[in-house]
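Below is one structure, written out as structure tokens, with a few remarks after it.
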Amino acid sequence: MARNLGGFLVLILAISICQAASVFEPISDSHRSAALELFTATDRSFGSLEETYQALRTLDILGIEKKADKITKPCQSVLENLKSSSSPLKDLFNALKANSILKCSADEGVYEGIASRLKAVAKDASSLLDIYYSIGGLTLLKDQASKTDVLLADADGIFQSIKALSQSDGRWRYSSNNPEPSTYAAGLAFEALAGVFSLAPSEIDQSRINTVKNDILKLFDSIEKYDDGTFYFDEKTVGASEQPGPLLTTASVVRGLTAFAAVSSERINLSGDKILGLAKFFLGIGIPGDGKDFFNQIDALACLESNRVSVPLILSLPATVLSLAKKDQLKVRVNTVLGSVAPPLTVKLLQAFSRSSKDASIIESKELKFDSQSGVHSLDALPKSLDVGTYVFVFEIVVHDQDAEEVYATGGQTHVKIYVTGFITIDNAEIAVLDSDLGSIETQKKLDLAGDDVVSLSANHLQKLRVSFQLTSPLGHAFKPHQAFLKLRHESKVEHVFVVGNAGKKFEVVLDFLGLVDKFFYLSGRYDIQLTVGDAIMENSFLRPVGHVELDLPEAPEKAARPPPLPVDPYSRYGPKEEITHIFRAPEKRPAKELSLIFLSLAFLPFIGLLVGLLRLGVNLKNFPTSAVPATYAILFHVGIAAVLLLYVLFWVKLDLFTTLKTLCLLGAFLMFVGHRILSHLASVSAKLKSA
């Protein structure tokens with residue numbers, strides 16, 4: 001059991017390492033597995049048009065074979081909304097988005113009718129959402145129906161309608177009647193403006209583009225940041241009953257930014273650190289459990305994967321825990337946010353320093369070797385001066401092509417927390433019983449903390465118990481673990497825990513039983529001794545029994561404290577109860593088989609006597625009805641009587657009382673009916689004979 005507890009201790013420490021390490025990983029197979037679970041077609045459909053598009057878009061980005069090939073309902077729903085002139089604007093927009101992936105075929109006349117309707121809405125709309133849906137729909141039509149005229153004759157007027165809703169801080173209002181600005185709405189506005197520029201019949205004035213670029217820069221001035229370099233946007237609307245969270249808000253801004261950057265002739269001068277920070281925000285979320293959140297995460301990362309502002313490169317480590325005992329290699333990967341191969345580059349390890357002494361660098365400027373087959377940058381070997389501990393490794397990504405430096409965002413220096421683990425040497429482990437007054441050693445024994453040996457000691461209240469040992473790191477330095485405890489457990493299950501202190505390499509705890517009699521509740525008897533030493537970087541952490549001590553304490557005075565009640569084990573209270581075994585009375589002794597057969601024969605004698613008596617009386621069937629209907633009732637009556645007699649036999653052999661009574665009720669009702677009919681017939685025949 002001690003070994004299991006030790007393993008559990010190491011597991012908890014390992015989990016704390018994983019949680020503390022701030023390393024961002026690109027999209028992996030875990031996201032693909034989660035997508036297949038979240039986006040499952042029910043009854044050959046994903047749900048609403050919006051949910052259908054989100055599912056298809058997510059599966060398409062992740063490179064999963066679309067299940068739409070086996071789904072018929074999405075195309076039916078898409079075509080119904082495209083052909084209907086009364087479908088809501090949002091449904092029409094989502095139908096066009098879903099059709100951009102499904103490729104459902106429709107007549108050219110359907111597309112022309114949609115284009116006319118969307119143009120009219122865009123021209124007269126005063127709401128940002130109406131403009132967004134109409135312009136977005138026309139942009140989608142431009143790719144789906146090349147022969148349809150989707151150009152905006154009044155592009156400048158629509159631009160002014162959208163710009164009129166902007167605020168000085170880069171945020172947007174949803175309408176002129178809604179004074180509350182929104183960051184989420186700003187993303188929609190940038191996306192709509194990008195659509196206006198792409199649908200304009202002539203080249204847009206550069207001043208218009210510069211105006212929108214300034215709005216984007218103003219919005220990014222209010223971006224929020226975490227300590228790990230993560231950037232995100234959050235809605236600041238006050239008093240709104242429902243508002244999007246940071247994930248939806250940031251995804252909206254990213255979609256708007258990348259859409260506008262795609263139509264702008266000049267690059268948007270945004271810091272690569274902010275673009276990389278946005279990517280870290282989406283990757284740091286992990287795997288959302290909601291389909292909508294999952295779509296916004298993947299869709300936003302896909303926008304960052306290929307954009308004209310800056311493509312973020314993610315530096316990740318397959319392992320942030322390196323073992324000196326196993327001679328692990330330091331390995332680094334560099335990919336895009338979706339896990340694609342990065343351009344030719346070099347990863348440099350600028351320095352590595354201990355968290356306790358940041359000024360003393362252990363590693364100075366080393367270039368990691370790149371393996372083209374595995375795509376891993378690795379360090380040949382860790383320096384010999386590296387001891388167990390927690391370190392910060394500083395990496396830098398250098399892109400080989402100078403032109404690519406403007407395309408990719410590397411984030412400058414990347415700080416990664418690395419845990420170096422190893423085996424800690426345990427020396428001079430001893431346990432001793434000391435004389436309380438002189439401090440002389442009464443009994444002293446060596447402890448084999450690496451084996452299974454245990455010791456047996458005895459002491460009284462005038463003596464002391466001392467446990468000591470030394471811990472040394474692989475390089476011979478003093479090692480101080482996170483946990484070092486000594487536990488004494490009485491045979492009555494009362495426990496006492498003591499912290500083991502240290503001075504340099506030596507750890508020691510001395511228990512003066514004279515001063516601990518009150519804490520021990522004057523309980524004499526056997527105390528099991530358990531030693532716990534554990535640390536996140538100590539590979540041989542342990543929790544094991546080292547022996548026991550027979551302790552002789554004085555009798556407890558009248559006013560001495562009593563041991564606290566032991567906590568109730570919830571398993572014993574709520575767990576399975578002990579099985580109850582029922583003891584039945586032994587059956588009575590039965591008579592011999594021959595006697596039972598004789599009694600059965602005697603039981604048939606009255607029946608035989610009945611038959612003989614009927615024959616002696618001259619019973620006949622002269623009064624049996626000859627007509628068909630009365631004869632049928634007479635036969636059924638006699639069959640019913642025979643059925644009742646048979647039921648009595650079955651009750652005696654196998655049936656229970658309740659089954660017999662239910663069956664007897666049915667037979668009784670049947671006999672009453674047929675008996676009444678046959679008796680009525682006999683009475684009428686008798687009356688006719690008397691009258692004649």
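Yeah, the Cβs are placed from backbone N, Cα and C, and that goes for glycine too.
Small disclaimer: the values here were computed from a predicted structure and weren't measured.
Among the features that TrEMBL reports, signal peptide is placed at 1-20.
According to TrEMBL, the feature domain 'Ribophorin II N-terminal' maps to 27-305.
Residues or ranges marked as domain 'Ribophorin II second' in TrEMBL: 313-420.
Among the features that TrEMBL reports, domain 'Ribophorin II third' is placed at 428-551. Counting residues per DSSP class in helix, strand and coil order gives 4 helix, 75 strand, 45 coil for the domain 'Ribophorin II third' (428-551).
With DSSP classes pooled into helix, strand and coil, the tally for the domain 'Ribophorin II C-terminal' (584-684) is 79 helix, 0 strand, 22 coil. Taken from TrEMBL, the feature domain 'Ribophorin II C-terminal' applies to 584-684.
Annotation source TrEMBL lists transmembrane segment at 595-619 (among others).
Per TrEMBL, the feature transmembrane segment maps to 631-651 (among others).
Per TrEMBL, the feature transmembrane segment maps to 657-679 (among others).
Away from its own ends, the transmembrane segment (631-651) comes close to residues 624-625, 657, 660, 663-664, 667, 670-671, 674-675, 677-678, 681 of its chain (Cβ-Cβ under 8 Å, at least six residues beyond either end). Under DSSP, the residues of the domain 'Ribophorin II second' (313-420) split into helix, strand and coil as follows: 4 helix, 60 strand, 44 coil.
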